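Enquirer: Questions regarding the structure given below will be posed in turn.
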C-alpha cells in the first residue's frame, strides 16, 4: 500500500507574523492578577485536550478485519443501555432514578411534572442505577441527559409548555378562586423549585457515591443562539438567555463538568453562521464555568456529531470540522465528546464508510489541532496553561501551518507528522493567542518565542512533533540609540504609578 499524504489547507488566515524586529520592544509587566485568565486543569496528565468517543460502534471495532481507529480517543464508551463500567456514562431518562416527565404521547411518568415527583424515591432508585452503570469509581464522565423539561420556566416553550400548563392547573386545583396571573406566578415558583431539587439532588448524589467522575447535565449551558434566519446573524447569545443562565448559578456551582452541544443542521454546512453559532455557545460555556470560582473553572466537554442532525447520512466536511472542532479547541476547552446513534454504524456499509471518513478526514484533523494546541501550550504557556484566543471575534485557529508540516498515513496505517516548526509558527501563537492558566496555577507567557530551543509534543500512538529550532538572533542595543531609548523609557516610567510594576521590564532590540 502506498503512502497517503495530507496537505492541509490552513483554513482561515495564518498570519505571517515572523520577520526581524525593526523597533524596540518594551515589555512592561503589569500586576499578574489584573490579566490572569483560567481554564480547568487537564483531567488526564499530559493531555491538554481530551477526545471522547461516545458512539455505539462496537460492530466496527470487534471481530472485523479493518476496525475503525480510535487510538486518539482517551475515553471511549457506548451509550447503549446494556453498557456498564465505562469511562463515559450517559444517563438517559429511563436509566437514572424516577425522573418525572411527560412523554410524546402525553403519558405522565413519576408524577409528570417535578412538583408531583417523589424526590426521596427518585434518589433511592438513582443510587442503585449509578452503582449499576458505574460499579467502580475512577476518573470518568457522568452525563445526565434529561431533555423533557428545562429548569427555567420561560424556556419551556412549545411543545414543552405542557409543563407550564400542568403546573398552573396544579395551583388552580389547590385554590380554585385564584386568578390566572397569580396562579402563573405561584406555578412558576413551584415548578422551578422542584426542578432545582431534582437536578441539584441528583448531582449531589452522584458526586457523593462516585466523586472521581465529572457530573453534569447534557445541553447545559445553552444560550439559544439558533435564530439563523434573522438578518445579519452574528451568533451572539441573547442577553436574556445569559441572564437566565446567571439565575442557574446553583446548577453551575454543583456541576463538576459542563456538557454543551454544537450539533449542526445541514443549512449550516460550510457556513459562516456555523462558525458564529459554535463560537458564542462555547464562549458562554466558558463564562458559566467560572461562576463558582473564577480561578478554578469547571471542565467543559463539548458534544459534536460527525453528521448533520437532519441529514444523518452526510458527514461533516473539512470546513465543518473547522467550524466545530477548530472553534472549540481555539477557545481553550477541556475536550470534545463525539456522539451519535446506533445508525451511524448500522447504515448500509456503515462501518467501512465511517472507517474511511475517520482515516482521511477526521483523524488527520484531530492530529492537526491537538498537536498545534499542545505545541502552543508548551512554547507559549510553558505547559502551565492552555492557549485561547486573545480576541473573541478572531478567526485564528490552532492549526499546523501546511508550509511547515504534512500529515501522513504510513503503510502500517499509522499517522506521522513530517516537518518542524519555524519561528514564524511560534510567533503566530503569541500574536493571536494568550495563555489561560490551569486552575490555581501561576503561568507566565514566553515573552520572546525566538528563545524556544526545543519542541517535543506527542499524542495517541506516538504521533509526535520533535524538533530543535535553529540558533536565535542576537539581541542588542543599536550603537548610538541606547541613550535615546533609556531616556524614552525613563519618561514613560516617570508618568506611571510607582507601584504598577511587580516584574522586571526587558528591552529587546535586534539589527535589521
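A Cβ is built for glycine as well, from the same backbone N, Cα and C atoms used for every other residue.
Here Swiss-Prot flags 1-35 as signal peptide, drawing on similarity to another entry. Feature annotation from Swiss-Prot assigns disulfide bond to 60-351, 223-237, 376-387, 381-435, 437-464. Taken from Swiss-Prot, the feature N-linked glycosylation site covers 63, 165, 179, 368, 408. What Swiss-Prot records for 147 is active site, proton donor.
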Enquirer: For the recorded positions 60, 63, 381, work out the Cβ neighbour count at 10 Å and name the residue with the minimum.
Expert: 63
Enquirer: Where does residue 435 (disulfide bond) sit in DSSP terms: helix, strand, or coil?
Expert: strand
Enquirer: Taking Cα atoms as reference points, rank the recorded positions 60, 63, 376, 381 by distance from residue 165 (N-linked glycosylation site) and give the first.
Expert: 60
Enquirer: Looking at the disulfide-bonded residues 60, 237, 387, which has the shortest Cα distance to residue 435 (disulfide bond)?
Expert: 387
Enquirer: How far is it from residue 147 (active site, proton donor) to residue 223 (disulfide bond), counting Cα to Cα, in Å?
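Expert: About 15 Å separates the two Cα atoms.
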Enquirer: Spatially, which candidate from the recorded positions 63, 351, 381, 408 is nearest to residue 368 (N-linked glycosylation site), comparing Cα atoms?
Expert: 408
Enquirer: With Cβ-Cβ distance below 8 Å and at least 6 positions apart along the chain, what are the contacts of residue 387 (disulfide bond)? List them in sequence order.
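Expert: Expected: 330, 332, 373, 376, 377, 380, 381, 398, 429, 433, 434, 435, 436.
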Enquirer: Within 10 angstroms of the C-beta of residue 437 (disulfide bond), what count of other C-beta atoms is obtained when all protein chains are considered?
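Expert: The answer is 22.
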